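**Q** The structure is given below, and queries will be raised subsequently.
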Amino acid sequence: MAAVVTSHTELQLVVDTADASSGGLMSSTIVAKGIKESLISTLTKFHAGYFRVSLSLGGQALLWKTLRGPTDDTHTLRRTLHLFHPTAFTVLWSLSFFALVLLSILYLLRCLFYFKMVKEEFFHHVGVNYLFAPSISWLLLLQSSPFFTPQTHYSYTVIWWVLAVLPIAVLDVKIYGQWFTKGKKFLSAVANPTSQLSVIGNLVGAQAAAEMGWKESAIGLFSLGMVHYLVLFVTLYQRLSGTDQLPSMLRPVFFLFFAAPSIASLAWQSIAGSFDIASKMLFFLSLFLFMSLVCRPTLFKVSMKKFNVAWWAYSFPLSVLALASMEYAEEVKGNTPHLLMLLLLTFSVFVSICLVVFTLLNSKILLFLPQCFDPISSLISRAMCSTPEQNQQRPQTV
């Protein structure tokens, strides 16, 4: 038999219990809905440009592994820097690994649920270049890992092929193929500073292959990267009418101009076995390009007014330039090369720390503001932030 309510107190108790259960169910529904909306918002605004964070952290990890590694450099400065505790490097590498895994998971979810947006990135002249960033990041973490080395052949080889070289090869065929075949996206029409990421991907792959002892593969990737770097560098240097296609907010990617020759000098050192004349020439070129940009701070004035993920483009080039200066100082000896190494190393670490702090303080800006606050998202989905008439009036040149 059903229970009978015999008093007003019992009736009130039953009503309160029913309200509490319905209220709890409603609050759980609201929380679940909020989480779903937050995830949707994150995935729709997320893009491959966010891998600049893992790229920068991976560059720092490789820098500090090289700094702590075995060396023939007996200079007092190098021996002093070698005294840093290895735990700090392990923490840095772990942070880099965690960031890359998190970004990779988010991008895989974006591919699964918003493939149309990923397709728009793939066909965009700026967005497609950042598709190289995940593979470059994995290669940097592979080379800087404190847990296994190229001598651990099987795991190193699997990661090198699956996570890095195959994606880079597919993108090479797509991008380089359209440059010299007929079509709308020929080089002079789509070239921009971010195009150098395709070159960097091949050069980092060549460096990793050389460390495994695969000299033929390393030379193949190096030659592919350098030939296209020369063509791309000349195209960008001439400032042809089709190459000025970046908004002012993306000007930090100009630092990629000296990242490519810096990586090339390190890759050739791994292939040749020493920091020879070719590596020195590439290092001096990167140093000249770095000084050319540093002497023009007004070029970055607009992009520095408000924090966005494009700021992370400063860190990785500085890390690889500092890394190249370390190899140069070890080869040449003397106080001047070591002083240059110390200056570049200090600058690189300072910029990376500042970027981490700014990112933590402005984390909501990165994923939860409208797309018009993100320079890459606004390029790919410009119609979501403004009308077609405004798009025509907005300046596109850098």
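From the backbone N, Cα and C atoms, a Cβ is placed for every residue, glycine too.
Checked TrEMBL, it gives:
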TRANSMEM  91-115  transmembrane segment
TRANSMEM  122-141  transmembrane segment
TRANSMEM  153-174  transmembrane segment
TRANSMEM  186-206  transmembrane segment
TRANSMEM  218-237  transmembrane segment
TRANSMEM  249-271  transmembrane segment
TRANSMEM  277-295  transmembrane segment
TRANSMEM  307-326  transmembrane segment
TRANSMEM  338-361  transmembrane segment
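Have a look at these and tell me how they're positioned relative to everything else.
**A** Sequence-distant neighbours of the transmembrane segment (91-115) (same chain, 6+ residues past either end, Cβ-Cβ under 8 Å): 39, 42-44, 46-48, 50-51, 53-54, 57-58, 60-61, 64-65, 134, 137-138, 140-141, 144-146.
Same-chain residues lying 6+ beyond the ends of the transmembrane segment (122-141) with a Cβ under 8 Å from its Cβ atoms: 47-49, 51-52, 54-55, 58-59, 61-62, 93, 96-97, 100, 103-104, 107, 159-160, 163-165, 167-168, 171, 174-175, 185, 189-190, 192, 194-198, 200-201, 204-205, 207-208, 245-246, 250, 376, 379-380.
Under 8 Å from some Cβ of the transmembrane segment (186-206) lie the Cβ atoms of residues 125-126, 129-130, 132-133, 135-136, 139-140, 160, 164-165, 168, 171-172, 175-176, 178-180, 217-222, 224-226, 228-229, 231-232, 235-236, 240-243, 245-246, 250, 253-254, 256-257, 259-260, 263-264, 267, 270-271, all in the same chain and six or more residues away from its ends.
Sequence-distant contacts of the transmembrane segment (218-237) (same chain, at least 6 residues past either end, Cβ-Cβ under 8 Å): 165, 172, 176, 179, 187-188, 191-193, 195-196, 198-203, 205-207, 209-210, 243, 257, 260-261, 264, 267-268, 270-271.
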**Q** What parts of the chain pack near the transmembrane segment (249-271), using Cβ distances under 8 Å and only residues at least 6 beyond its ends?
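**A** Hits for the transmembrane segment (249-271): 126, 192-194, 196-197, 199-200, 203-204, 206-207, 210-211, 215, 218-219, 222, 225-226, 229, 233, 236, 278-283, 285-287, 289-290, 293, 299-300, 302-303, 308, 310-314, 316-318, 320-321, 323-324, 327, 375-376, 398.
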